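Enquirer: Before we start, here is the structure in question, set down as structure tokens.
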Amino acid sequence: NNYCKIKCLKGGVHTACKYGSLKPNCGNKKVVSYGLTKQEKQDILKEHNDFRQKIARGLETRGNPGPQPPAKNMKNLVWSDELAYIAQVWANQCQYGHDTCRDVAKYQVGQNVALTGSTAAVYNDPVKLVKMWEDEVKDYNPKKKFSENNFLKIGHYTQMVWANTKEVGCGSIKYIQENWHKHYLVCNYGPSGNFQNEELYQTK
């Protein structure tokens, strides 16, 4: 795959072209470890799918107001090594936030990021970071359109349960910055969710 040839809708140079390798590039931050184990990948995928099915079955009582309506077109996600590679390249820059260009040949790619820190030498399990995204459901108003909700409060949740998204792949890095032990998780989603003129899923 020649990522340097991919033209993203938002412009910019593709992350996998710009940085080009899995070598961490974190300046004065001390890298402890990077990458996800096979088990962690399975756990992250299972957490996404368990949550999507909880929403689909109408079992999510949280919301503003809750509960969330059940879905009729919510499929399970599958893991994508390609999306995971691009997510890992971005995570390895130790820059919290979204990269500009991460699309792949077949579709636009969405992204969720999470960062936790502790003064103690402990690092949160990646599933805990995924649950932080799920918790945004408490601010979601299902009686309003997606575009009428406050995106800054709910955007990670909505990407997680976006029905048209089929694949997910994530990357992770743990590093120390000014005595803070940080765990940074990046998940990429394809096809991307969070389109302003669409809805999360079809309600039953």
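A Cβ is built for glycine as well, from the same backbone N, Cα and C atoms used for every other residue.
Copied straight from Swiss-Prot:
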DISULFID  Cys4-Cys17  disulfide bond
DISULFID  Cys8-Cys101  disulfide bond
DISULFID  Cys26-Cys94  disulfide bond
DOMAIN    45-189  domain 'SCP'
DISULFID  Cys170-Cys187  disulfide bond
Enquirer: Compile a sequence-ordered list of residues in the same chain as Cys187 (disulfide bond), six or more apart from it, whose Cβ lies below 8 A from its Cβ; state 'none' when nothing qualifies.
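Expert: Set apart from Cys187 (disulfide bond) by at least 6 residues yet with Cβ under 8 Å, we have Ile44, Ala87, Gln111, Asn112, Val113, Val130, Val168, Gly169, Cys170.
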Enquirer: In the domain 'SCP' (45-189), how many residues does DSSP assign to helix, to strand and to coil?
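Expert: Counting residues per DSSP class in the domain 'SCP' (45-189), I get 50 helix, 35 strand, 60 coil.
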Enquirer: Could you check what DSSP calls Cys26 (disulfide bond) once collapsed to helix, strand or coil?
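Expert: In the DSSP reduction, Cys26 (disulfide bond) maps to coil.
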Enquirer: Could you tell me the C-alpha distance between Cys4 (disulfide bond) and Cys94 (disulfide bond) in angstrom, no decimals?
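Expert: For Cys4 (disulfide bond) versus Cys94 (disulfide bond), the Cα atoms are 21 Å apart.
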Enquirer: Reported as an integer number of Å, what is the Cα distance between Cys26 (disulfide bond) and Cys17 (disulfide bond)?
Expert: 18
Enquirer: For Cys101 (disulfide bond), just count the other CB atoms lying within 10 A of its CB, please.
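Expert: For Cys101 (disulfide bond), the count of other Cβ atoms within 10 Å is 20.
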Enquirer: Radius 10 Å, atoms counted are CB only; among the disulfide-bonded residues Cys4, Cys8, Cys26, Cys94, Cys170, which position scores highest?
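Expert: Compared across Cys4, Cys8, Cys26, Cys94, Cys170, the most Cβ atoms within 10 Å surround Cys170.
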Enquirer: Enumerate same-chain residues with a sequence separation of six or more from Cys17 (disulfide bond) and a Cβ-Cβ distance below 8 A; give 'none' if the list is empty.
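Expert: Result: Asn2, Tyr3, Cys4, Ile6.
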